[in-house]
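A.B. asks: The structure's right below; bear with me while I get my questions together.
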């Protein structure tokens, strides 16, 4: 496995790993919805996903921004932070 992933930046690998984890959680939730075959339970599972999705997004963005923070000015970091906040506000309202 090290041979296959040897040239990949560790930060990019971490970010991609978080996205794979997120997709596994989503797939598991879909299977749970199908197995339970109940709308009420499906809504509960879906509400849990509403928490997991933004959490993975925030962690992934934090990992990436932490890695490139030294290369960016404070103004650009503020713009990125503002953009992330606006994305989260748009999703939840």
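Just so it is clear, glycine is given a Cβ too, placed from its N, Cα and C backbone atoms.
The following feature annotations were taken from Swiss-Prot:
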TRANSMEM  15-35  transmembrane segment
TRANSMEM  48-68  transmembrane segment
TRANSMEM  72-92  transmembrane segment
A.B. asks: Residues sitting near the transmembrane segment (72-92): Cβ under 8 Å, six or more positions beyond its termini, same chain?
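C.D. replies: Distal contacts: 54, 57-58, 61, 65.
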A.B. asks: What parts of the chain pack near the transmembrane segment (48-68), using Cβ distances under 8 Å and only residues at least 6 beyond its ends?
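C.D. replies: Here the qualifying positions are 11, 14-15, 18-19, 21-22, 25-26, 29, 77, 80, 84, 87-88, 91-92.
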